Amino acid sequence: MLTAPQSSPSRSHQHWTCSAVPFMAKPHHLTGENGFHFSQPLVFPSPSPAGEDSSAFDSASGTPLSNGTPSSAESCGLPLCEAKGIKYISAEQEELACGWGGFTPGCLQLFNTSKGVLFFLCVASFLQGMTVNGFINTVITSIERRFDLRSYQSGLIASSYDIAACLCLTFVSYFGGNGHKPRWLGWGVLVMGLGSLLFALPHFTTGRYEVRSSAEVGVCAANQSLPCAAAASSLSSYRFVFMLGQFLHGMGATPLYTLGVTYLDENVKTNYSPVYIAVFYTAAILGPAAGYLVGGMFLNIYTEIGRETDISPENTLWVGAWWIGFLGAGVASLLISIPILGYPQRLPGSQRYIVMRVSEAHQLKDGSHKKASDPDFGKTVKDLPRSVLLLLKNPTFIFLCLAGATEATLIAGMSTFGPKFLESQFSLSASEAATLFGYLVVPAGGGGTFLGGFLVNKFKLRCSGIIKLCLLCTVSSLLAIFIFFIHCPNMPMAGVTQMYNGSTLPGSQLNLTAVCNAECGCLQETYSPVCGSNDVMYYSPCHAGCRKVSENLRNGKKVYHECSCIEKTLLLGPGEAEAGKCTSPCAKRTLLLFFMFVVILFTFLSSIPALTATLRCVSDRQKSFALGIQWIVVRTLGGIPGPIAFGSMIDKSCLLWQDQCGEQGSCYVYQNSAMSRYTLVTGLVYKVLGTAFFTIACVLYKPPPTESAPGSSDTSENGNGDLQETKPSLPAEEDI
């Protein structure tokens with residue numbers, strides 16, 4: 001028995017044993033892209049793998065790749081294959097069939113391909129995005145109302161996801177990256193499903209929801225609500241159940257965006273990897289959009305299904321069926337985890353992609369990056385500090401992480417406050433603003449994510465070229481963000497932006513009381529804006545001095561009559577007002593929406609190229625761990641503080657704060673000019689930082705020398721081929 005030489009450090013190590021055997025009769029033709037079928041062990045003089053990659057091999061002559069290892073042996077993904085009379089047997093003897101234990105029916109092997117894995121991972125990422133970023137953001141107000149939660153308590157519920165992810169990322173990415181990735185993924189999706197079921201549990205363990213008061217309030221002399229007299233409730237203790245459910249969501253989703261990405265990258269050609277990852281992330285972006293739509297639909301159903309109530313969804317006391325979405329998503333996650341658990345550690349035929357891959361890892365001056373090429377590196381916990389040190393010594397990786405954190409800050413800020421920005425600028429309702437923002441995010445975010453992966457594949461970009469593409473996208477969005485110099489003017493609001501008599505409010509001080517509503521006894525806790533027939537908004541029907549109410553048969557909105565603070569006009573009749581905000585006649589609406597679309601498009605356009613560059617600039621054995629470390633940096637520096645940074649800046653533009661029994665609550669009305677100005681400043685700061693980080697990453701990146709990239713005749717960053725075979729002379733006999 002002779003042992004074949006190990007490949008170069010830039011390649012994945014494969015151990016083979018070989019023995020000389022005589023040739024047998026007629027070779028059988030092998031078929032199939034991802035697998036080969038034998039009725040009995042035969043020996044072939046020069047097998048030619050069928051499928052799309054057969055052109056990359058010279059099976060007739062058994063020409064070796066330039067690292068000195070016979071190409072016909074390395075290109076074969078089988079445990080048993082032969083070339084030139086030499087029989088190669090994989091030392092690992094991996095089981096590549098799809099199934100659970102010994103149950104591997106032939107029908108399942110149809111899904112044992114990279115496209116099959118991509119489908120199930122897309123479903124899992126779609127469910128994760130729909131649940132965590134869709135349902136929870138949609139129903140959080142209903143949960144607060146149903147379980148008597150304060151805003152900071154619901155904030156802790158939302159943060160539990162990121163806390164769990166940060167705690168688990170190092171462990172999962174390090175040990176899962178060197179283990180059986182589909183099993184880690186499958187168990188993660190299962191845990192995520194359990195978290196969704198646990199999140200819906202409080203609905204079934206509490207009593208029926210009782211509406212405390214259904215009396216109509218809001219008109220003059222009828223405002224009898226006592227918002228500060230609410231008794232303390234024990235229901236708020238259910239926040240710990242919600243936090244635990246979110247914690248399980250975070251634990252379960254951790255493998256999905258680290259091990260899932262590397263599993264796809266390892267089992268497809270290098271050129272196709274960005275496209276597969278882009279499709280995977282596009283599904284994750286479409287998930288929240290579906291969560292908003294489906295979650296909003298469920299909120300129109302009363303939480304106690306089958307029970308009649310005399311209140312409508314427009315009532316502030318209404319609680320919708322918030323729990324249905326979590327119940328369905330939990331069951332779907334449990335079901336989708338079953339096929340994921342059945343996938344093998346690597347897909348059939350993936351070995352030839354590993355052999356063809358050219359390392360583009362950043363080269364350290366001291367050569368310590370070669371340590372990660374050791375097949376035994378990373379299998380024990382004692383290698384963890386050295387693995388972290390290797391990543392910290394990689395400046396390209398570090399600055400890509402920092403650039404990702406700045407982009408994540410913008411994405412988190414836009415997703416959290418984008419609807420609020422549109423609501424304020426265009427004087428829309430919350431539902432109208434959320435719908436309009438969804439129309440922006442789905443094509444811009446989803447399309448940009450997919451387009452980024454497509455461009456990397458289309459132009460066959462190497463690592464340096466990918467970073468330059470990220471830089472170009474960041475500069476483009478930086479230029480487009482200057483659109484926030486313009487804004488839409490505030491709609492006039494009595495007592496907030498102007499006096500009740502139409503004059504300017506001195507010093508922008510709040511003054512909701514006037515002679516026309518002094519006898520109404522209006523409470524500031526009851527905020528229900530109305531639009532008067534004079535195109536002026538009022539804090540509530542009571543503050544407009546309205547005494548009667550009816551319903552508009554055309555649009556179903558309430559119309560208030562006999563409003564003493566509104567002059568008589570011919571538009572709606574004498575002193576009338578309609579529920580809701582006045583429509584903004586802003587002429588800059590189309591221009592503002594277009595450039596917001598451009599900002600979102602180019603921000604998401606750089607996401608997949610940046611992820612691909614991260615995978616390329618580290619060694620193969622550190623990919624999963626590198627993504628885990630990157631996610632920790634992105635979450636701690638970007639995802640978690642992003643909404644806080646944007647929120648604190650936007651709060652400075654508030655004109656009217658909610659009064660919760662003497663305590664300041666949320667903001668009702670913003671000054672549009674100040675909001676645009678603060679958004680511009682915040683966006684510019686992070687975009688400039690992102691541009692600087694991508695520039696430094698590109699300058700400091702040091703690719704492997706040409707001679708260390710075997711099999712490639714084009715090592716430039718914009719090469720036209722992922723691997724172009726060379727024809728070196730046959731190796732010496734002792735090299736076999």
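Heads up, the Cβ atoms here are built off N, Cα and C, so glycines get one too.
Per TrEMBL, the feature compositional bias 'Polar residues' maps to 56-74 (among others).
Residues or ranges marked as compositional bias 'Polar residues' by TrEMBL: 709-727 (among others).
Residues annotated as domain 'Major facilitator superfamily (MFS) profile' in TrEMBL: 117-707. Summarised as a single figure, the pLDDT of the domain 'Major facilitator superfamily (MFS) profile' (117-707) averages 84.
Annotated domain 'Kazal-like' per TrEMBL: 510-567, in sequence order.
Residues or ranges marked as region 'Disordered' by TrEMBL: 47-74 (among others).
The region 'Disordered' annotation in TrEMBL covers 705-736 (among others).
For 117-136 (among others), the entry in TrEMBL reads transmembrane segment.
The transmembrane segment annotation in TrEMBL covers 156-177 (among others). Sequence-distant contacts of the transmembrane segment (156-177) (same chain, six or more residues past either end, CB-CB distance under 8 Å): 132, 136, 140, 143, 149, 184, 188, 239, 242-244, 246-251, 253-255, 258-259, 262, 378, 384, 387, 621-629, 631-632, 635-636, 639-640.
Annotated transmembrane segment per TrEMBL: 184-204 (among others), in sequence order.
Away from its own ends, the transmembrane segment (240-264) comes close to residues 114, 117-118, 121, 124-125, 128, 131-132, 136, 143, 156-158, 160-165, 168-169, 172-173, 176-177, 181-182, 184-185, 187-196, 198-199, 201-202, 273, 276-277, 280, 284, 326, 333, 611, 615, 623-624, 627-628, 631 of its chain (Cβ-Cβ under 8 Å, at least six residues beyond either end). Sequence annotations record features per position, and here TrEMBL assigns transmembrane segment to 240-264 (among others).
The transmembrane segment feature in TrEMBL is assigned to 276-302 (among others).
What TrEMBL lists as transmembrane segment is 322-343 (among others).
Annotation comment: TrEMBL describes 396-417 (among others) as transmembrane segment.
The transmembrane segment annotation in TrEMBL covers 437-457 (among others).
Note on the transmembrane segment (469-487): residues 403, 407, 425, 452, 455-456, 461, 588, 591-592, 595-596, 598-599, 601-603, 605-606, 609-610, 613, 672-673, 675-677, 679-680, 683-684, 687-688, 690-691, 694-695, 698 of its chain, located 6 or more positions outside it, place their CB under 8 angstroms from a CB of the stretch. Marked as transmembrane segment by TrEMBL: 469-487 (among others).
Annotation comment: TrEMBL describes 591-613 (among others) as transmembrane segment. Sequence-distant contacts of the transmembrane segment (591-613) (same chain, six or more residues past either end, CB-CB distance under 8 Å): 261, 273-274, 277-278, 281, 285, 396, 400, 403-404, 407, 410-411, 414, 418, 425, 436, 440-441, 443-453, 455-456, 461, 463, 466-467, 469-470, 473-474, 476-477, 480-481, 483, 486-488, 627, 683, 697.
Nonlocal intrachain contacts for the transmembrane segment (396-417), taken as residues 6+ away from its ends with a CB within less than 8 angstroms of a stretch CB, comprise 133, 288, 362, 441, 463, 467, 470, 474, 599-600, 603-604, 606-607, 610, 613-614, 617-618, 626, 629-630, 633-635, 637-639, 641-643, 645-647, 650, 682-683, 686-687, 689-690, 693-694, 696-697, 700-702.
Per DSSP, the domain 'Kazal-like' (510-567) is made up of 3 helix, 13 strand, 42 coil. With a cut-off of 8 Å between Cβ atoms, the residues of this chain six or more beyond the transmembrane segment (625-646) that come close are 159, 162, 165-166, 169-170, 172-174, 177, 257-258, 261-262, 378, 387-388, 391, 397, 400-402, 404-414, 416-417, 611, 614-615, 618, 679, 682. At the 8 Å Cβ threshold, with sequence separation of at least 6, the transmembrane segment (184-204) lacks contact with the transmembrane segment (276-302), having fewer than 3 such pairs.
Counting same-chain residues at least six beyond the ends of the transmembrane segment (117-136), those with a Cβ under 8 angstroms from any Cβ of the stretch are 111, 157-158, 161, 182, 185, 189, 192, 196, 246, 249, 252-253, 256-257, 260, 263-264, 267, 276, 279-281, 283-292, 294-295, 322, 325-326, 329, 332-333, 336-337, 339-340, 343, 347, 415.
For the transmembrane segment (678-701), same-chain residues at least 6 beyond its ends with a Cβ under 8 Å from one of its own Cβ atoms are 362, 395-396, 399-400, 402-403, 406-407, 409-410, 413, 421, 463-464, 467-468, 470-471, 474-475, 477-478, 481-482, 484-485, 599, 613, 617, 645-646, 649-650, 652-653.
Proximity of distant same-chain residues to the transmembrane segment (322-343), defined by a Cβ-Cβ separation under 8 Å and at least 6 residues beyond the stretch ends, is recorded for 98-100, 108, 111-112, 117, 120-121, 123-124, 127, 130-131, 134-135, 139, 142-143, 146, 182-183, 185-187, 189-190, 192-197, 199-200, 202-203, 245, 252, 291, 294-295, 298-299, 301, 303.
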